[in-house]
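J.: So that we are looking at the same thing, I have put the structure below in C-alpha cells.
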Amino acid sequence: MASSSSFTYYCPPSSSPVWSEPLYSLRPEHARERLQDDSVETVTSIEQAKVEEKIQEVFSSYKFNHLVPRLVLQREKHFHYLKRGLRQLTDAYECLDASRPWLCYWILHSLELLDEPIPQIVATDVCQFLELCQSPDGGFGGGPGQYPHLAPTYAAVNALCIIGTEEAYNVINREKLLQYLYSLKQPDGSFLMHVGGEVDVRSAYCAASVASLTNIITPDLFEGTAEWIARCQNWEGGIGGVPGMEAHGGYTFCGLAALVILKKERSLNLKSLLQWVTSRQMRFEGGFQGRCNKLVDGCYSFWQAGLLPLLHRALHAQGDPALSMSHWMFHQQALQEYILMCCQCPAGGLLDKPGKSRDFYHTCYCLSGLSIAQHFGSGAMLHDVVMGVPENVLQPTHPVYNIGPDKVIQATTHFLQKPVPGFEECEDAVTSDPATD
C-alpha cells in the first residue's frame, strides 16, 4: 500500500504567531496591481475589471470602517450555518439531490477545521444515512438508491473518516468497494467516474484516495494510472481533465494528489507545474483563479493553494536548494486577506467572491485554503502565519485528502490491521457474466 502516513503533518501549537504588519491589500500602492488592458477591451478584461471594482469596494470599506484593521474569522456564524445544514436544507438545495454525501463531507470537514466536535447522535445519523447511499455493488451513490459514482464515494469515505469511529469505518464494504473500482478501471490506466460514464483525472484521484485510506490497493489496481495522469499535463504546466485538454486547478490538484498517493510524483514536470500554479494567484485580489484568464474564486483557495505543500514535499525530496524553509511558494498573507475580507457572508458561511451567495462547497474549500495558508511544515520546520486575531487559527488539513491529518493516520492505522481483500476474486466478480453463471 502507498501509505499516507509517510506524509507527516502536525497539530497546531497552543498559540500561533499572528501577522502584525500592515495588511497587504490595504497598502496605498496596491491599486497598481489592478488589470492594465492597454486600452484594448475584451470580454475577459471587462469581467475582470468588474470583479476588481467589487474587490476594491470591499478593501476601501474595510479600511474606512477600521482605524486599526484586524481581520476576524466569524467562527460562531459559520458554525451555526453549518450546524443547521446537517439537519435541514432549504428547497434551494434540491439540485444537489445527487450530491448528498458531498454535503455531509463539506459540512463535517468545515466543522473539524473550526475545531467543533461532532455530537455522537449526529455522527450516528450521518453513518446510517451514508450506509443507505452505499450500493450493493460497491461504492456510494449521490443519495439512497442511486447508482454508485466515484465522486460521492470519495465524499462518503472522507466523511466517515472524519467521524473516525468503529461505527463509521464499519459502514464501508471494502470488498465490494474494491470490486467497484475494478469495474471502472480502463486498459490505459484511467478510471470511469461511474459505469458507462466519463473518464477524467478526478476519477483517478477519487479511486486512489478511497483505496489508500481503506487499504484495498492491490498490485495491479493502479497499473498504468500514473503514466495516464502524466499524459494529462500539458504545455502550460498544469493538468487537464484528459490528455490534450486545458490545464485546470481542480484537475491539477486531483492529478498531483493521486500521484503522491501512488508515490509517482516524478512522473510530472514539477518545475513547470510550480510555475503554472503560482501564476494562478491573482495579484490584486489575493485569491486564486482556476485557469488562465479566468476570475478569482474562493474554492481555488484549496484546489490551487493545496498544490503547494504537495509540490514543496516533492521538490524537497529532489533536493531543490531554492525552497523556503518557512513559507509555501505562494503569498500566504494575501490569500488569507482575500478569504477573510471578501469571502465571508455576514450571516455565516463562505462564498466564491463578493456578490455571490454562500454555500457549503465554498465554505469547505475557503476554510481549507485558509488552513493551508496558515500552517507551514511540521516538526522543526513548523512555521505558522495567522492573519488577524489569534482566534482565526484553524485546524490543519491534510493536503492530499483534505481531512484532518490525525484522521488520516487514524483511518489508515485502522484499515492496515485488516487484510487487503482478495483481488483475484474481485477481478473474477467483475468479469463474470451473470447470464452464464
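Backbone N, Cα and C define each Cβ position, glycine as well.
Note that the coordinates shown come from a computational prediction; the quantities given were computed from them, not determined experimentally.
Among the features that Swiss-Prot reports, site 'Important for selectivity against geranylgeranyl diphosphate' is placed at Trp102. Look at Swiss-Prot and you will find 123-164 tagged as repeat 'PFTB 1'. Residues annotated as (2E,6E)-farnesyl diphosphate binding site in Swiss-Prot: His248, Gly249, Gly250, Tyr251, Arg291, Cys292, Asn293, Lys294, Tyr300, Ser301, Phe302, Trp303. The feature Zn(2+) binding site is assigned by Swiss-Prot to Asp297, Cys299, His362. Marked as repeat 'PFTB 5' by Swiss-Prot: 332-374. What Swiss-Prot records for Thr436 is phosphothreonine, and it gives similarity to another entry as the kind of evidence.
Neighbours and distances for these, please.
T.: In the shown protein chains, 21 other C-beta atoms lie within 10 A of the C-beta of Trp102 (site 'Important for selectivity against geranylgeranyl diphosphate'). According to DSSP, Trp102 (site 'Important for selectivity against geranylgeranyl diphosphate') is assigned to a helical segment.
With a cut-off of 8 Å between Cβ atoms, the residues of this chain six or more beyond the repeat 'PFTB 1' (123-164) that come close are 86, 97-102, 104-106, 108-109, 112, 171-173, 175-181, 183-184, 191-195, 197, 202-203, 205-207, 209-210, 213-214, 401-404, 407-408, 410-411.
Sequence-distant contacts of Gly250 ((2E,6E)-farnesyl diphosphate binding site), defined by Cβ-Cβ distance under 8 angstroms and a gap of at least six in the same chain, are Arg202, Gly290, Trp303.
Of all Cβ atoms in the shown protein chains, 23 besides its own fall within 10 Å of the Cβ of His362 (Zn(2+) binding site). Taken residue by residue with DSSP, His362 (Zn(2+) binding site) is part of a helix.
The residues of the repeat 'PFTB 5' (332-374), classed with DSSP into helix (H, G, I), strand (E, B) and coil, number 26 helix, 5 strand, 12 coil.
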J.: When neighbour density is defined as the number of other C-beta atoms within 10 angstroms of a residue's C-beta, which of the binding-site residues Tyr300, Phe302 has the lowest density?
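T.: Each of the binding-site residues Tyr300, Phe302 was scored; lowest Cβ tally within 10 Å is Phe302.
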J.: Quickly jot the same-chain residues contacting the repeat 'PFTB 5' (332-374) by Cβ under 8 Å, restricted to those at least six beyond its ends, or write none.
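T.: Cβ under 8 Å, 6 or more out: 16, 19, 23-25, 51, 54-55, 57-59, 62, 71-74, 77-82, 85, 102-103, 105-107, 109-110, 113-114, 281, 285-288, 295-303, 305-306, 308-309, 384-388, 392-397, 399, 402.
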J.: Looking only at His248, Arg291, which of these binding-site residues has the biggest number of Cβ atoms within 10 Å around its Cβ?
T.: His248
J.: Which residues of the same chain, at least 6 positions away in sequence, have a Cβ lying under 8 Å from the Cβ of Cys299 (Zn(2+) binding site)?
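T.: Expected: Asp352, Tyr361, His362, Tyr365, Cys366.
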J.: Taking each of the binding-site residues Asn293, Asp297 in turn and counting other Cβ atoms within 10 Å of its Cβ, which one has the fewest?
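T.: Relative to the other binding-site residues in Asn293, Asp297, Asn293 has the fewest Cβ atoms within 10 Å.
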J.: What does the structure give for the C-alpha distance between Arg291 ((2E,6E)-farnesyl diphosphate binding site) and Asp297 (Zn(2+) binding site)? Integer Å is fine.
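T.: Approximately 10 Å lies between the Cα of Arg291 ((2E,6E)-farnesyl diphosphate binding site) and that of Asp297 (Zn(2+) binding site).
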J.: Could you tell me how many residues in the repeat 'PFTB 1' (123-164) are helical, how many are strand and how many are coil under DSSP?
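T.: Taking each residue of the repeat 'PFTB 1' (123-164) in turn, the totals are 25 helix, 4 strand, 13 coil.
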